[in-house]
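Taken from Swiss-Prot, the feature N-acetylalanine covers A2, and the record attributes it to experimental evidence. Residues or ranges marked as compositional bias 'Basic and acidic residues' by Swiss-Prot: 9-45. Look at Swiss-Prot and you will find 51-60 tagged as compositional bias 'Low complexity'. Residues annotated as N6-acetyllysine in Swiss-Prot: K88, K141. According to Swiss-Prot, the phosphoserine annotation covers S207, S590, S596. Taken from Swiss-Prot, the feature substrate binding site covers G277, E301, E339, Y341, N497, E501, and the record attributes it to experimental evidence. Residues or ranges marked as phosphothreonine in Swiss-Prot (evidence: similarity to another entry): T591.
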Amino acid sequence: MAAVQAAEVKVDGSEPKLSKNELKRRLKAEKKVAEKEAKQKELSEKQLSQATAAATNHTTDNGVGPEEESVDPNQYYKIRSQAIHQLKVNGEDPYPHKFHVDISLTDFIQKYSHLQPGDHLTDITLKVAGRIHAKRASGGKLIFYDLRGEGVKLQVMANSRNYKSEEEFIHINNKLRRGDIIGVQGNPGKTKKGELSIIPYEITLLSPCLHMLPHLHFGLKDKETRYRQRYLDLILNDFVRQKFIIRSKIITYIRSFLDELGFLEIETPMMNIIPGGAVAKPFITYHNELDMNLYMRIAPELYHKMLVVGGIDRVYEIGRQFRNEGIDLTHNPEFTTCEFYMAYADYHDLMEITEKMVSGMVKHITGSYKVTYHPDGPEGQAYDVDFTPPFRRINMVEELEKALGMKLPETNLFETEETRKILDDICVAKAVECPPPRTTARLLDKLVGEFLEVTCINPTFICDHPQIMSPLAKWHRSKEGLTERFELFVMKKEICNAYTELNDPMRQRQLFEEQAKAKAAGDDEAMFIDENFCTALEYGLPPTAGWGMGIDRVAMFLTDSNNIKEVLLFPAMKPEDKKENVATTDTLESTTVGTSV
């Protein structure tokens, strides 16, 4: 209406004169809107009244509360909050400090699943706890609960005859709703139909759920809600819990594997004066006491190599890295990596270690070397990824020449402007996008992504990168212009990067200076010159090989997840208020189109 009125305002600001028919039409429309609002308000008040009555009436369906769950979620929250407040007024504590648990739900099921239908072990009393996911009444004296926790379900069969009095039975069970966390004291048993249950004589409310819990039958499928309210996702979706158990197993396996090889786990700073160790755009923060900007680490590499200089020959770190770059299905601004550095080794040694670690991890976690993966989601095409060693190995430049069907300049000429122009022309001819700055390194990276990475379904080592793409890697001992580096790709995605480390301080400083020129030319991802690191190299870094793995992507493959948010407990999300502001702006823009004079 406001947009219509705005459109009808005259240039001189005076109100337009409406015809009788138009005035009548508008009054009729306004009356209709008012009647609709009044009717909705009356309906809401009626629902609220019914639900409140159900919440306080102890004779209604033993408090299962279908009337409550038919109301608006906001009204449900109000009703539930009032009920919990009333418990406090009556001297009851809905949030007790402690409840002793004798046995987990998992152990209970394992220990008593052998019982026969109709068994009731009255001589065994146990305490268990969990969250109510369903509540069903069978008459006035028998109530069943589905108690969930630890990824399993146990039935609670509450019978009034097992309580001190029927009044006590009614009182406690009327307090409980779906979503509440309860403690149950009772006996193991099985129903006549063979359902393993705990048969209580006492139930304690440990923490009420004030919000209406979605029904398990419908589940929680909205991804936006799942990622923003991960706790709710975990409550309702058992498969989510399993994904994070697998993620934890991946980290545990890697840590154990490296420990057995004699590596020392270390911790290095997450805030750095100079961001180094990778080609990436950093986050910037500010230190009040030092009165200076600091950079969140993009990689821990340089610190690790300093420790190898100091005589710790085998080091590793599992931790968070931060890169101020895009968010998509495989990238998150903060992510988890494992990096290790091994003195007296080269990239050939690390390829063997990688094969053993990755294939062993897949076999340990899944029971097989083969994993089924759906890159486009559950409804898309399935791929069988075979992690059986040895993995395929290809030379980057040679394979790129085969894929392009043409010979590239000699690798010792890759740093020339002529080579850059040739690669630029190839990208244009092949319709390969490369945002500026169109440096040789970036052009090569885009071509490799377009023609080589897409062929890597099973684990594949892409080896011997050009020096211009690898400022921290050591030059190839037999191929000028290349480095002793490899990347491991699975399902077209990189999961590992490793190389024989550059330990010549003069050469390292020269490469840093070339990176500085690239940064000056507009490449935000180019490296800074790190003088402290160069000084450390001057004390002598032994022949060393370094390795890094993206834990999140490995977790994606082993949990069959095509979105990195599925394997991050709390992924980066745009704030909801910001989203609302954007939506409001869009709405305002759409309603004011054509209204300008």
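Glycine is treated like the rest: Cβ placed from N, Cα and C.
The most crowded of the recorded positions listed here (S207, N497) is N497, judged by how many other CB atoms sit within 10 Å of its own CB. Cβ proximity to the substrate site centre (mean Cβ of G277, E301, E339, Y341, N497, E501, cutoff 8 Å) flags the following additional same-chain residues: A299, P300, H304, K305, L472, G546, W547, G548. For E501 (substrate binding site), the same-chain residues lying six or more positions away in sequence with a CB closer than 8 A to its CB are K305, Y341, L472, A473, K474, L541, P543, T544, A545, G546.
In space, S207 is the closest of the modified residues K88, K141, S207 to N497 (substrate binding site), judged by Cα positions. Sorting the recorded positions K88, K141, G277, E301, Y341 by the number of other Cβ atoms within 10 Å puts Y341 first. Listed in sequence order, A299, P300, E301, H304, Y316, E317, G546, W547, G548, M549 are the same-chain residues six or more apart from E339 (substrate binding site) with CB atoms under 8 A from its CB. Put simply, K88 is the one of the recorded positions K88, K141, G277 whose Cα lies nearest to the Cα of S207 (phosphoserine). A helical conformation is recorded for E301 (substrate binding site) in the three-state DSSP classification. A Cα-Cα distance of 57 Å separates G277 (substrate binding site) from K88 (N6-acetyllysine).
Here the CA atom of K88 (N6-acetyllysine) lies 26 Å from the CA atom of K141 (N6-acetyllysine). In this structure, S207 (phosphoserine) is part of a beta strand by DSSP.
Whole-number maximum of the Cα to Cα distances across the substrate-binding residues G277, E301, E339, Y341, N497, E501: 13 angstrom.
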